[in-house]
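Per TrEMBL, the features are:
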- 20-151: domain 'EamA' (DOMAIN)
- 173-302: domain 'EamA' (DOMAIN)
- 21-39: transmembrane segment (TRANSMEM)
- 51-69: transmembrane segment (TRANSMEM)
- 81-101: transmembrane segment (TRANSMEM)
- 107-128: transmembrane segment (TRANSMEM)
- 135-155: transmembrane segment (TRANSMEM)
- 175-193: transmembrane segment (TRANSMEM)
- 205-223: transmembrane segment (TRANSMEM)
- 235-252: transmembrane segment (TRANSMEM)
- 264-283: transmembrane segment (TRANSMEM)
- 289-307: transmembrane segment (TRANSMEM)
Amino acid sequence: EQGAVEWSGGTKKKFTCPGLGLFYTILSAFLFSVASLFLKKIEDVHSVEISAFRCVFQMAFVLPGLIYYKTGFLGPKGKRVFLFFRGFLGSGAMILLYYAFQVMPLADATVITFSSPVFTSLLAWIFLKEKYSLWDLLFTLFTITGVVLIARPPFLFGSSITGIEGNYTNHLKGTIAAVVSAVSTASTFVILRKMGKSVSYFLSIWYYAVIGLIECIVALFVIDEWTLPYCGTDRLLLILIGLLGLGGQIFITKALQIEKAGPVAIMKTMDVVFAFILQILFLNHLPTWWTVGGALCVVASSSGTAIRKWQHNSKKAKENEI
């Protein structure tokens, strides 16, 4: 969801305030970053349970929209399979991302999720037969380099690793969760692109929330981690995470309605900047140079992918006009 920039083919409408779309993007990035900071502050609630609360918030938000626009709850017959997978992969990406936030430094997890545009290009090439250039391959390799710098596997970096939270096993688990989350996010973009604009935005989020809630409940029974957050602070933080996540999603959607996808994708890199700032200010955790290097690799790749996609779409639009 956080990268929903990629494929929402930014058609530009007339609007009065220039730069409003980019302001919405920064606001969305800030809300998502604060939500992930609160996630780290919650002491005794498992990330899967936090995801379940988030899904309940999404459902409460979407329900009035579904009723008002009379979209129904299942969607068009031919699109239900796509909607199911969009919900399954999208919510799976959120659950994995929340887990990564809990077990590894905030900035590290945020940077890895930024690799999703690069995976989107790769998956679109495989499944939608879209063009995959040498530049795309270069960005993919660059992204993998960035992720390796953040994961810092012992066979490359030796056994004494600094700048991680807790033990290396958790750091590695978090890295794997964040990478799988980025790939799942990329898959949802490809599915949304395949569905086109024939399915309501509300219906798309409805599937995401309902299937996500089911996934969370099943997972909580399997890992036996269901606990009612007993202290007032944790309960407040859970509500705030739900509200901030929702706000972030609304603003990124609004940004894409009034601004082209390319500039929004580039402005979205503010997510990483906010993650670094919040980590230093509130978690007293200075990022290592490895993380900074990895961040530069991943952000450069995802921005490069977005710019190329934007140029390609602009060129196509001009050709169509002619």
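Just so it is clear, glycine is given a Cβ too, placed from its N, Cα and C backbone atoms.
Those TrEMBL annotations? Automatic predictions, nothing curated.
The average pLDDT computed over the domain 'EamA' (173-302) stands at 85. When Cβ distances are compared across the two stretches, the transmembrane segment (205-223) makes contact with the transmembrane segment (51-69), since 3 or more pairs at least 6 residues apart fall below 8 angstroms. The domain 'EamA' (173-302): residue composition by secondary structure is 110 helix, 0 strand, 20 coil, according to DSSP. The domain 'EamA' (20-151): residue composition by secondary structure is 110 helix, 0 strand, 22 coil, according to DSSP.
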